[in-house]
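Pulled from Swiss-Prot, these are the features on record:
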type	residues	note
ACT_SITE	136	active site, proton donor/acceptor
ACT_SITE	164	active site, schiff-base intermediate with substrate
BINDING	48, 206	pyruvate binding site
SITE	47	site 'Part of a proton relay during catalysis'
SITE	110	site 'Part of a proton relay during catalysis'
């Protein structure tokens, strides 16, 4: 196993009925993801964790709590990226102080930096932390697409060790994997792209669906890396309907609803996102029961 691992769960953030951070349920969920769903690592305060609506205090509470309670059994990756280099540096320093194992840095959003700006942004942060870094490219959300050349330049920096790639650009993914020759981990940035990314030499996935089908996803990855691509594909086809059903609305609305229904209480999403309707929840649950029948 390399770097952060192969199956990384982008953990949702549990809230109570008042919409506040539910610390006990955060720990409970993290333990389930590691002990029952076979997650090698957890990303905290990412897109799935509703980072835009978490305060800095809530993020640090989450980082420290999960690192203390679960960090002995899984890598804890703190989502510290933002559209401000200064704020990213400040949160990264605090995350390092509480003991996280690595950080995930999304490309700065809204202000649309150039490729040169992106390189300077990430290099500046890498030079001021000892933590290993996963870059996160998700242009549909950020408005900026990190180019192949920028990624390859950044991969030369010692503590930039991985990429979560959610652009769907498989040509870019193939070229980055080929050029870095096994020295840089590339992860599928969404569950639906897991098989093509593995086929190109990718390490694994930063997953949303693994909250409920982590064991299946880990089995797929293990089968593929054991040169049993037929088994991996067959397993993937079984869970594919549930993976696509999670795309019915903006992430993390569907997965939070599914976890509430089939695993444990994690509360509602925070505005400006809103929960699934009863009809949407019923449809999602039917797909889940049908495609993941043993649960």
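Quick reminder: no glycine exception, Cβ is built from N, Cα and C everywhere.
Quick caveat, the model's predicted, so the values are computed rather than measured.
Shown on the structure are the features that Swiss-Prot records.
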residue	record	Cβ within 10 Å
47	site 'Part of a proton relay during catalysis'	22
48	pyruvate binding site	22
110	site 'Part of a proton relay during catalysis'	9
136	active site, proton donor/acceptor	26
164	active site, schiff-base intermediate with substrate	26
206	pyruvate binding site	29
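Taking the Cα atom of each, residue 206 (pyruvate binding site) and residue 47 (site 'Part of a proton relay during catalysis') are about 11 angstrom apart.
Taken residue by residue with DSSP, residue 110 (site 'Part of a proton relay during catalysis') is part of neither helix nor strand, so it is coil. Rounded to a whole value, the Cα-Cα separation of the residue listed as 'active site, schiff-base intermediate with substrate' and residue 110 (site 'Part of a proton relay during catalysis') is 19 Å. For residue 47 (site 'Part of a proton relay during catalysis') paired with the residue listed as 'active site, proton donor/acceptor', the C-alpha to C-alpha distance reads 10 Å.
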